[in-house]
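In what follows, a single structure is set out as structure tokens and then discussed.
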Amino acid sequence: MAEEEGPPVELRQRKKPKSSEKESAKEERINDIPIPERAPKYVLFQRFAKIFIGCLAAVTSGMMYALYLSAYHERKFWFSNRQELEREITFQGDSAIYYSYYKDMLKAPSFERGVYELTHNNKTVSLKTINAVQQMSLYPELIASVLYQATGSNEIIEPVYFYIGIVFGLQGIYVTALFVTSWLMSGTWLAGMLTVAWFIINRVDTTRIEYSIPLRENWALPYFACQVAALTGYLKSNLNTYGERFCYLLMSASTYTFMMMWEYSHYLLFLQAISLFLLDIFSLKQSDKVYEVYKIYVFSLFLGYLLQFENPALLVSPLLSLVAALMLAKCLQLNVKKGSFVAKIIKMINFYLVCTLTITLNIIMKMFVPHKENGHMLKFLEVKFGLNMTKNFTMNWLLCQESLQAPSQDFFLRLTQSSLLPFYILVLIICLLSMLQVIFRRINGKSLKETVTLEDGRIGERPEIIYHVIHTILLGSLAMVIEGLKYIWIPYVCMLAAFGVCSPELWMTLFKWLRLRTVHPILLFFPRLMTELMELQEFYDPDTVELMTWIKRQAPVAAVFAGSPQLMGAIKLCTGWMVTSLPLYNDDDLLKRNENIYQIYSKRSAEDIYKILTSYKANYLIVEDAICNEVGTMRGCRVKDLLDIANGHMVCEEGDKLTYSKYGRFCHEVKINYSPYVNYFTRVYWNRSYFVYKINTVISFQS
């Protein structure tokens, strides 16, 4: 009985003190009223402060990097203390061509007249009228010239400073976009700071801005970085409607701008489309978003086709074929009930279906659309991967370029010394294993969680992470074959490694595997940049300055010059005189011209060289001592060796037939001034590096 009466007694005792009830009721009312009002404000303020500081850090990083590039460029070339001619010779090779057209636009009486002269240009290459805007993607120069004149900058700043200032500013945007991408992935702006630090430390492998400012990639890649940042935000699962719309608009604008700035942009977007296709296979959530991105590709391609003078390269591009195949494959799955046996079968054969459709559509497009879609590139790839052999000078010359060879040991050593490569490999392995774990869960029929928390340690379920892992693997695979592609790959290596180092979710994934509870990884990294700014450097090339000065003072205005394509680019920029060839490799006719003009360094007769030069209406020939007497570490890659192989004057492989030439090397023989060379060529100028010969119009033979 006592046990039964116990509880009621206890209850009566609790009800007894009325004052305590009132106090507790008061406390409940106090707790109910203030906390719900103050907590959201505090959270909002904290979130706003975090975003504000992060944005400030991102913008500051970009501005500081742009100022750093400007200061470094000034210290390297003493740019402000040089005359205009000395400044211009710092633009070498194809960079000189791009800047020369910017100068032409500023000299034109009107913008319309300037555009017309560029699209019907017959003052650059002899016997050839070219659409320079389409062929060389001169939209950056058109925009820069308009901005220079529209903003009244001609009264404040010199054209060259305005031009390089825009490029340096774009590099600042590039760094800011990488900062934001890493921030979006990791959730902390400290990852962005680390991305910028690694980007600058590995500057030799992340950008070519120091050596070739006007290159198309320096104008285009910042827009691609903005597109990747927008795509990263767009793919996030927890994005609100307004953020999604903003990311979509930014992605659309940057995709189209990127396509207009660089003629090879659609190849890079093709790799991105492959990454999104694989993401669609591995992830169930983002299918609709992925197909919205495909629509952006189609819109950009067709708008680019119309505004790039109906450029057929965009219609026959693999990007358009892939996107069309993906759309068709999507239509085939629309009427199939999800989860059914047929749907699973179609999902299994989807990859094969898309690949087959892509190849088929591309072949059909090339059959019906007249194009010259970089046939030399396909031949180069065949030779590069050992599918074909050639003695062609141009192909072998391209293969010998350092940027088109496989990466050297120094490349990997530099990345390891900066600690970038070890962290990147670690982050990549963790993300890849987590992705595989997710795929096996799906194969076993386990459903994915709607929201992934930090404690789950499942970083491989996040769609933006899957995309970046696939994309960086594709870019890295190509960079392992062609070193020049490292300038596209390494910036994203910096971003992915920094994201992993600063991401609690990634470390939680690893610690869950290792059955550890809490570890706080801290990385402190301080780049030493002031040392470079303190070093005094000087660009000193008096021989080239003397040559350009002589041409401007002594050569007739209608003269046409012949020589190496790299030198011809400098002559076009610094003097404005017409040339026979250009350092451009996207046109078959220009490639053939380059090969023919390079014969001045081969073992050919004076008559043969004379016929080649006069066929291009050349009046002057410039022989460069550096090429004629070239001593390279790779003997088979010297220009004269490649010419001898192409002409059969050197054995390349066992079993080749050797054709002995009865003539000496032209560039040596012409310097001696004896018959028959003096009958065809008269030396009119020389210095330590260059020998200029006038090509005789009337031949007087001497004994």
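Every residue, even glycine, has its Cβ placed from backbone N, Cα and C.
Because TrEMBL annotations are produced automatically, they should be read as predictions rather than curated entries.
Residues or ranges marked as compositional bias 'Basic and acidic residues' in TrEMBL: 18-31.
The feature region 'Disordered' is assigned by TrEMBL to 1-31.
Within the chain carrying the transmembrane segment (51-72), a Cβ under 8 angstroms from the stretch's Cβ atoms is held by residues 164-165, 168-169, 171-176, 179-180, 183, 189, 192-193, 196, 199-200, 209-210, 529, 532-533, all 6 or more beyond its ends. Taken from TrEMBL, the feature transmembrane segment applies to 51-72 (among others).
Per TrEMBL, transmembrane segment is recorded for 160-177 (among others). With a threshold of 8 Å between CB atoms, the same-chain residues lying at least 6 positions outside the transmembrane segment (160-177) that come near it are 58-59, 61-63, 65-66, 69-70, 73, 84, 87-88, 99, 102, 144, 147-148, 153, 196, 199, 207, 209, 213-214, 218-219, 221-222, 225-226, 228-229, 491.
TrEMBL lists 183-201 (among others) with the feature transmembrane segment. Counting residues 6+ beyond its ends, the transmembrane segment (183-201) has Cβ neighbours under 8 Å at 50, 53-54, 57-58, 61, 65, 68, 175, 229, 232-233, 236, 418, 420, 464-465, 468, 491, 494-495, 497-505, 523, 525-527, 529 in the same chain.
Taken from TrEMBL, the feature transmembrane segment covers 268-284 (among others).
Feature annotation from TrEMBL assigns transmembrane segment to 313-329 (among others). Remote same-chain residues near the transmembrane segment (313-329) are listed as 259, 263, 266-267, 269-270, 273-274, 277, 291, 294, 297-298, 301-302, 304-305, 350, 353-355, 357-359, 361-362, 365-366, 369, 371, 373-374 (criterion: CB distance under 8 Å, separation of at least six residues from the stretch ends).
Positions annotated as transmembrane segment by TrEMBL: 349-369 (among others).
Annotated transmembrane segment per TrEMBL: 421-440 (among others), in sequence order.
Taken from TrEMBL, the feature transmembrane segment covers 488-507 (among others).
Long-range contacts of the transmembrane segment (349-369) within the same chain: residues 277, 281, 312, 315-316, 318, 320-322, 324-326, 328-329, 332-333, each at least 6 residues beyond the stretch ends and with a Cβ under 8 Å from a Cβ of the stretch.
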